[in-house]
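Each remark here refers to the structure printed beneath this line.
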Amino acid sequence: MYSSILRQDAAGTLPFQTAGQPLKTNPPPPTRSDASLPNPPRVTIHSGAKARYDQPALGSASTTYASSISHDRTTRSAYSSMESQAEGQSIRGGRQGREHDEGASVYSYNSFRDVNKYVKELHGRIFNNLNDAYLLPSDEDEWARLDKQGSAIAIAFNGPYPCPEVVEAVLLPEEGRTKRILDIGCGTGTWAMQMAVRFPHTSVLGVDLAPPPIDQTSFPPNLSLEIDDVNFGLRHFAGQFDLVHMRCVSGGLANIDQTILDLQECLRPGGLLLIVDGDIALLNEDRKTIHPFIRLPEDGGPEITAVSEQGSWLRRLIWEACISCEISGACLTRTDEVDDLGLWDAPLCDPETACSGGVDLPIGPWPQGKDLSETQLLQYVGVLVRQNLLSIHRAYHSIMLKNGMDQATLDEWSSNVEKELRDLNPRMWLRFRFMMARRRAGEGLPAPPLPTAPTPDPLTSTAQELEDAEQRRRPQVRYPAMDIYYTREENMARMRQRRSTFGTFPPSVVKTRWEKTQAGT
Ligand SMILES: C[S@@+](CC[C@H](N)C(=O)[O-])C[C@H]1O[C@@H](n2cnc3c(N)ncnc32)[C@H](O)[C@@H]1O
């Protein structure tokens, strides 16, 4: 079954859904072990290489290209025929750090020759070519948006990750072994790059569907990037990583439960899984209740309680776009449940090490903090989030057009969204939830104890070691809209509270139009 669907995928049509399939049926993801499957491409960008994926070069023969992104695969595949047609390909055997990948080959990537393999143009934007469910583009505008979003989250976390006492303990140097970090859906590669710089004794690998925009001048030696679709499984990484991070990738996942299992399998014993995801249910000013959707004429009667005349266009557009993603094969409804549950029941992780939480980012510079510095912090984050959302809502159009919406309606929705964002009315928060847990030492065993940093001896330590130790002792600056839940009970209480304000949803306009298109009416 999957092989035929995936052959369609390789030809550029829907990967996980065929006409008439029910909307919420997300098939289990394909696996690399199925010999009938085409093996998806994995492209590795080595730190030594002059890797620069030059977006303006797309479709332009006159630009010069760095043929320096290498393409790594475990076995020959359906994509091999595409490779062999490509001029001047060079395949050489094996690659450091992937010894277990028998038969691995490295393929020199040339952006001019190969670009259509990895990206395609749709409605004037550039999209990845591996996964049709993932709705957002991969181009300059999207990279700028992602970096703003990443900065806003990092301000709220007070660094690239929450709970630094756990993350930094897990990454403490260990004699005789290089610690490894995996960033799934690395986007621009910024987070992976920050981690490589911050932890120079580690080796960092970022994986994404699309070639990331690499800045050659700042590419650290301990960073590499691969192109791959994680829906095909991650068995080739089993037991290798000390930290596995995945942020805001759910829109491209076919089966979140399977992916979370795969991510746990990538961990070494004691390794940490950290997942961060945006919550599409925008919050009211009180940070507790969910803001209603704008009411549309086709929404139905008073039994539909999740809508209101004062409801939000932004909330509606984001939700309709997510329904569109589901139509194309993503599992966002299930992701929302999984994000609510945290990792207390993750089979390979120790529940004693689980925690969850979230940061609420204001949509626009409207909040007042308890003092001037808090107000400035919140409002700066608000500006970044508003810019991010002003960019994202039109990026959603492509996937909705594909599923039967018309441009005039989408333009009308988008201008209402822009007005809302400009007027800062309604005042809302965008929440990013996180969950983390460490892998057990073995089946049925707790996780090994967290490594502890040795206290540096003031007589023999370097100034840098003393400064680092001092830094660890300093109290963290606390973003005022952050929550952490250390127990399953606290997490469940938050989940129940959130769900109690959902209300009854309207029928989705996108889904109704898509069903009509499918029925040919
Ligand atoms: C919203 S962006 C987030 C990027 C980055 N993690 C960040 O937080 O800035 C999601 C990224 O995940 C990638 N992605 C989505 N589905 C994927 C999949 N199945 N396999 C690999 N990468 C995926 C997309 O290409 C995109 O770059």
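From the backbone N, Cα and C atoms, a Cβ is placed for every residue, glycine too.
All TrEMBL annotations are machine predictions without curation.
Residues or ranges marked as compositional bias 'Polar residues' by TrEMBL: 15-24, 60-69, 76-88. Residues or ranges marked as compositional bias 'Pro residues' by TrEMBL: 446-457. Per TrEMBL, the feature compositional bias 'Basic and acidic residues' maps to 512-521. The region 'Disordered' annotation in TrEMBL covers 1-102, 443-474, 498-521.
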Where else in the chain does the compositional bias 'Pro residues' (446-457) make close Cβ contacts, counting only residues six or more beyond its ends and a cut-off under 8 Å?
166, 168-170, 172, 174, 269-270, 349-350, 352-353, 438-440, 465-466, 468-469, 472
Just give the helix, strand and coil counts over the compositional bias 'Pro residues' (446-457), going by DSSP.
0 helix, 0 strand, 12 coil
Could you tell me how many residues in the region 'Disordered' (498-521) are helical, how many are strand and how many are coil under DSSP?
13 helix, 0 strand, 11 coil
Residues of the region 'Disordered' (443-474) by DSSP state, where helix covers H, G and I:
11 helix, 0 strand, 21 coil
